[in-house]
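One structure is given here, and the rest of the page talks about it.
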Amino acid sequence: MTAVNLALIRDTNWLTLEVCREFQRGTCSRADADCKFAHPPRVCHVENGRVVACFDSLKGRCTRENCKYLHPPPHLKTQLEINGRNNLIQQKTVAAMFAQQMQLMLQNAQMPSFVCREFQRGNCTRGEHDCRYAHPTDVSMIEASDNTVTICMDYIKGRCSREKCKYFHPPAHLQAKLKAAHHQMNHSAATAMELVKVRLMREYKVVVLGSGGVGKSALTVQFVTGTFIEKYDPTIEDFYLIEIEVDSSPSVLEILDTAGTEQFASMRDLYIKNGQGFILVYSLVYQQSFQDIKPMRDQIVRVKRYEKVPLILVGNKVDLEPEREVMSSEGRALAQEWGCPFMETSAKSKSMVDELFAEIVRQMNYSSLPEKQDQCCTTCVVQ
């Protein structure tokens, strides 16, 4: 019989950091202490664009001369602390659920079997090798409260050496039945554990705001489906649900693509009230859309009653560079004023689209630490 392995394996995925692609190409103009991505020295092992941080360095106790793990700067240490805390919460929750499941399995592992009542009355015409109920040879084996006997698991495994076993030794046909039931129990336990992992995923509600025609739907659909919407069709309200893994931590995003026209502006308060993270989009080729975004941020602060809401300022349509009306410096200055990240994206070429939604998840992860909310986490402006 094989039981489900409920042992928790130590998870160190939360120690991995994404390496700066510009740094790898030698073109990153940001210092190690400013870039939101890792700048690992040559001694560190980089695999698939990721590097593992030194756990001892986070604790201030690494004494290795040439440590092969990254010693992250303070702002990346903060991100790792968030990842570690979230990972610990998940591990503890899983451990508690595993313990409950283990207790249930241990109870069922005794494999009780009902005793044939006709056999007890002495009128069972079926032999012990044909009856689907137990025919125990010793009355002391029977549990009077529920009229069952406990199966000897050692006997089923062919290794019971007790001269007078107090547990029931079932015949072959009952053994087959019990093995099938035990297999089903293990399968159910494994399925339950998978459901536990799904329930442990953090769920976030992201609201995409901006005036009409800036590419809110195009960005969202590009991220969710990997396709670009060529034709503009004004949105009233669309919901998208997608799983995303950021910094080795899975989450479920519920993305609300909102209307950009003024006739639906009254609905924004409700969107903002329910949202946890916000993506404010303007078009690089339309100056007025950049001006329209400012009162939307004010509305978020008013509804949320808090300035440091997870938020990203996005200049879309970078693929239309010759038609640009809003300079990068303008977007960067506004983002610095608001204390939020700034990105320039292209829904058409998918430039920085995945990075955009990964960053809003990081922002929401960060905001879940109450003791850290008075610090700024946007030390890097992404272009």
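All positions are counted from 1 along the displayed chain.
Each residue, glycine too, has its Cβ placed from N, Cα and C.
As annotated in TrEMBL, zinc finger covers the listed stretch 146-172 rather than the other ranges in 146-172, 281-307. Looking at 14-42, 246-274, the stretch flagged in TrEMBL as zinc finger turns out to be 14-42. Within its own chain, the zinc finger (48-74) has Cβ neighbours under 8 Å at 12, 15-19, 21, 24, 32-33, 38, 40-41, 80-81, 84, counting only residues six or more beyond its boundaries. Confidence for the domain 'C3H1-type' (146-172), expressed as mean pLDDT, is 86.
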